[in-house]
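One structure is given below, encoded as structure tokens.
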């Protein structure tokens with residue numbers, strides 16, 4: 001009985017390790033999909049396909065491309081958000097100034113006793 005239980009435990013542990021290994025291999029395959037085509041062979045040597053070598057440019061593999069871009073330029077979404085906030089803030093300020101000017105001019109016109117200078121209503125009156 002004990003030997004059957006030991007076998008069952010061993011089988012379960014073997015299945016678990018096999019599943020873990022398969023998961024690791026799948027993760028490695030997914031991680032390897034984004035790797036560059038030209039991989040370093042030795043220090044400074046890169047595989048160049050045969051044929052017309054002048055047209056084929058060997059590109060150095062970029063390791064941790066996204067990390068490099070984020071640290072060199074800053075996070076693009078955050079930068080765009082800051083620029084948009086600055087632009088929107090400036091537009092709101094300009095609109096508020098225009099609104100204040102219009103409100104002020106209307107309130108001054110209503111308060112002032114002088115007739116409006118640009119109102120030529122009398123000139124175009126057709127009544128005799």
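Placement of Cβ uses the backbone N, Cα and C atoms for every residue, glycine included.
Taken verbatim from Swiss-Prot:
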REGION    1-37  region 'Disordered'
MOD_RES   105  phosphoserine
REGION    107-128  region 'Disordered'
COMPBIAS  115-128  compositional bias 'Basic and acidic residues'
REGION    117-121  region 'His cluster'
BINDING   125  Zn(2+) binding site
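All protein chains considered, the CB of residue 105 (phosphoserine) has 10 other CB atoms within 10 Å. Mean pLDDT of the predicted structure over the region 'His cluster' (117-121): 54.
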